[in-house]
Amino acid sequence: MSMACYYLAAAAAGLALLLLHAPLTDAQTLVPLCGDSGNYTEHGTYHANIQYLATSLPSYASSSPSLFASGSSGTVPDAIYALALCRGDTNSSSCATCVAAAIQSAQELCPLVKTVIVYDDTCILRFANDAFPISPTSNSQGMVVAWKAQNVSAAVAPAFEAAVVRLINTTADYAATDSVRRFGTGEEAFDETTFPKIYSLAQCTPDMAATACRSCLEDIVGRMVSGNLIGRMGGRVLGVRCNLWFEVYPFFSGRSLLQLPGPSPSPAPPVTAAGERSKNKRSAILAISMPTIALVLATIAAWFCSTSWRRRRLARKTLRPKSSEDEMQSFASLVLDLQTLRTATDNFSEHKRLGEGGFGVVYKGDLPEGQEIAVKRLAQTSRQGIEELKTELLLVAKLNHNNLVRLIGVCLEENEKILAYEYMPNRSLDTILFDAERIKELDWGQRFKIINGIARGLQYLHEDSQLKIVHRDLKASNVLLDSAYNPKISDFGLAKIFERDQSQVITHRIAGTYGYMSPEYAMRGQYSMKLDVYSFGVLVLEIITGRRNFGSYGSDHVVDLIYVTWEHWTSDKAIELIDPSLGNHYPVDKVLKCIHIGLLCVQPKPADRPLMSAVNAMLSSTGTVRLPCLSRPSFWVQEIGATAS
């Protein structure tokens, strides 16, 4: 939380607030509430349902346009009902990370407790053994009230309180009328000498009706007024169904969705004789300074000539830890200056924008010699820090394969973190595969070429390169396509180098994309080359079916694609899963072989998944080939609308 000092209170029916002390400081961003509805048995059915929740709920929430998911898993008495809501100003990647961390924190801070609520800055999580009504009145069950320790001064308090009430009510109105996200942010001009602006944020769960959302927020406004939060320098009331927040500094991402004018400014005082004298004095100073301009320009020219050398020196110094001299030499040749990239992208203009992810924004650029590049400009608030940047640089600079994206250069000037890659005209696989119109560009030949190319790229990483590398974040959006739809694996920020005799690593920092993670990695932090094999299996099924790894698929349940594929495979109906846009223009035996390989790659035990060299052998084989037998994969089923009252 971006605050100097906040005090908290829990208005939680049957919930205990776990805090070692108040006030809450910057280091404490998590507020867990542990319920008293009973405990579950470790390794029992309810515990297993929580584990399924951990692997699936982050995907469902982060892939939703509203960054919201609710549902249930299992049957009574071990059914678990879950709800996750990410703040409307966050992005999909940050949403998935926050929800996953909240689930993990819930189990660590409220061990074996059936009902838990976790409030984080960017997401809210609740799971319990009973459904949670879609009602404003249910918001007080597990509510947290937090306020800034400092009051505003008595001189401005009346005007400040009136401004806060006006702002939070207007923001609440905006959020209630947002039919997709039920989210709003606002700012109001106040007083240049004390608080230039006041900022606010309001949000409800998107499954609430507009009137119910506004009623829920109205209750919070009342609590803020009666509790004298509006006279503080900041305050928030957090509930599972709705929340409201105001500060005297911008605390949300992006521009405010609404702006309110402040009080009319006082008229400027008339110009006095003293003012005229001051103006004349400034003119005299300017006239005296003019002869020095030539000297200043000469100094600037000398500085400019040394800039390129210093840029390279800075980049090498930034990346020097844990890097050998050879690595640094290979990196130094990749340094690009910021002005070149600004010129190439028209100063990072919107019309050059290709897309946006959890790291920041990607732009199309044109270098002076005519080369087209993709410029990945990491946001200042990006989770991808200097270590991830260093990993990507030092790995990609050493790798050379037709199915891996090629790094063109890097820029670290002025606190920027920018990577430039070869430009891929067809962008990422997900932009075609999950687009109802563009998917028609991919006939079976193109799809099989993409599957083959990804498999060859992974074999190079795992077995054939001078390094043994686990990518850890293989997914459709990290597979780029050139003009001929040849695939290239990209984004090595999470990649890890393995020793040649190393088979498995355990990490406490689980990073990647839920839905593509293997069970042993998502649940226990264990990863190996077989993590990438699992992700590849998911990709194969997505490419063949044209479907994401999660969705309703015409039923009253949200299920993952692995589950749907397995059910069709064991019923000898796998042919029904093939993307309808292919028509009948595909070789049935080859498609079924690819489905078999996809299911083989998502086997629950890592040892049962093939090496990528074996996958490539299976893909390139002709005629009848006996493939290994399959076991039932891991998957999760979520009932739609299960949290409705």
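Glycine too: its Cβ is placed from the backbone N, Cα and C atoms.
What Swiss-Prot lists as signal peptide is 1-27.
The N-linked glycosylation site annotation in Swiss-Prot covers Asn39 (among others). There are 14 other Cβ atoms within 10 Å of the Cβ belonging to Asn39 (N-linked glycosylation site). The DSSP secondary structure for Asn39 (N-linked glycosylation site) is strand.
Summarising the environment of Asn91 (N-linked glycosylation site), the number of other Cβ atoms within 10 Å of its Cβ, over all protein chains shown, is 19. Asn91 (N-linked glycosylation site) falls outside any helix or strand according to DSSP and counts as coil. Positions annotated as N-linked glycosylation site by Swiss-Prot, on the basis of sequence analysis: Asn91 (among others).
The Cβ of Asn151 (N-linked glycosylation site) lies under 8 Å from the Cβ of Ala157, Gly231, Arg232, Met233, each on the same chain and at least six residues away in sequence. Summarising the annotation, Swiss-Prot assigns N-linked glycosylation site to Asn151 (among others).
The feature N-linked glycosylation site is assigned by Swiss-Prot to Asn169 (among others). Other Cβ atoms within 10 Å of the Cβ of Asn169 (N-linked glycosylation site), summed over all protein chains shown, number 18.
Taken from Swiss-Prot, the feature ATP binding site applies to Leu354, Gly355, Glu356, Gly357, Gly358, Phe359, Gly360, Val361, Val362, Lys376, supported by sequence analysis. Of all the Cβ atoms in the protein chains shown, 12 others lie within 10 Å of the Cβ of Glu356 (ATP binding site).
Sequence annotations record features per position, and here Swiss-Prot assigns active site, proton acceptor to Asp473 based on sequence analysis. Under 8 Å, Cβ to Cβ, and six or more positions away along its own chain, Asp473 (active site, proton acceptor) finds Asp491, Gly493, Leu494, Ala495, Ala511, Gly512, Thr513, Tyr516, Ser535.
For Val362 (ATP binding site), the nearest neighbour among the listed glycosylation sites (Asn39, Asn91, Asn169), judged by C-alpha distance, is Asn91. Remark: of the binding-site residues Leu354, Val362, the most isolated position is Leu354 (fewest other Cβ atoms within 10 Å of its Cβ). When the glycosylation sites Asn39, Asn91, Asn169 are ranked by how far their Cα is from the Cα of Glu356 (ATP binding site), Asn91 comes first. Each residue contributes its Cα atom, and for Asn91 (N-linked glycosylation site) and Asn169 (N-linked glycosylation site) those atoms are 26 Å apart. Secondary structure from DSSP puts Glu356 (ATP binding site) in a beta strand. With respect to their backbone Cα atoms, Gly360 (ATP binding site) and Asn169 (N-linked glycosylation site) stand 32 Å from each other.
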